[in-house]
Amino acid sequence: MELLKKRIQSDGLVLNDSLLKVDSFLNQQIDPDLMLKIGEEFAHRFQGEQITKILTIESSGIAVSVMAGLVLKIPVVFARKKKSVTITEDVYYTKVYSFTKQESNDIIVSKQFLQKDDHVLIIDDFLANGEAAAGLAEIVHQANAKVTGIGIVIEKSFQPGAKKLMDAGYRVESLARIASFSNGQVIFL
Ligand code: G4P
Ligand code: NA
Ligand code: NA
């Protein structure tokens, strides 16, 4: 997505050889116009697929997911992160380990928001090691629902997440795919 890549080039900040800061339009300050265009692009890429619900994870996945949900006219559910869950019968949950943050979270979704006849589009802002997306897919499977695909705003293709998810059979659509960061510059695939 050219508009997104341009924005990453102009406003993204390469922190080191593996981290990109996009706080000015995605992760803290949010550009609603760009979010809507991202939502439209996800809707376009998954055109023709059956999708009944979007599943994302708090917090940074929510803005783009709401816009995609607006365009597709379907509800958006976000998984909550908890240090540890009190296990009850009415939630799906799984553990997600973040290599970037070196911490583990339980992610939970109330059972009432995912049904077995749901066809789910998983959306997140970043794809690094794929742990968050794989955790969301696991929750969809617990509900006996189907994963239609995975939509990612920024894929760091030099990290293993994209390959891992594709090897597991998921369709992954990433709007910007980054090959590397070198000398503070973003190199796209
Ligand atoms: P993974 O799910 O692909 O394995 O990613 P990982 O655990 O490594 O990512 C942990 C958090 O860091 C996620 O946010 C993810 O979006 C974010 N992240 C990963 N790489 C980058 C990066 O290069 N730049 C930025 N800005 N974020 C990155 P989170 O913990 O879920 O927090 P939230 O922002 O969604 O609240
Ligand atoms: Na995220
Ligand atoms: Na994030």
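Every residue, even glycine, has its Cβ placed from backbone N, Cα and C.
Just one of Lys116, Lys146, Lys156 is listed by TrEMBL for the same xanthine site as Leu20, Asn27, and that one is Lys156. With the fewest other Cβ atoms inside 10 Å of its Cβ, the least crowded of the binding-site residues Leu20, Ala128, Ala132 in this structure is Leu20.
The Cα atom of Lys156 (xanthine binding site) lies nearest to that of Gly130, taking the binding-site residues Gly130, Glu131, Ala132 as the candidates. Sorted by the number of other CB atoms within 10 A, the binding-site residues Asn27, Asn129 start with Asn27, the lowest. For Gly130 (5-phospho-alpha-D-ribose 1-diphosphate binding site), the same-chain residues 6+ apart in sequence whose C-beta sits under 8 angstroms from its C-beta are Pro160, Gly161, Ala162, Lys164, Leu165.
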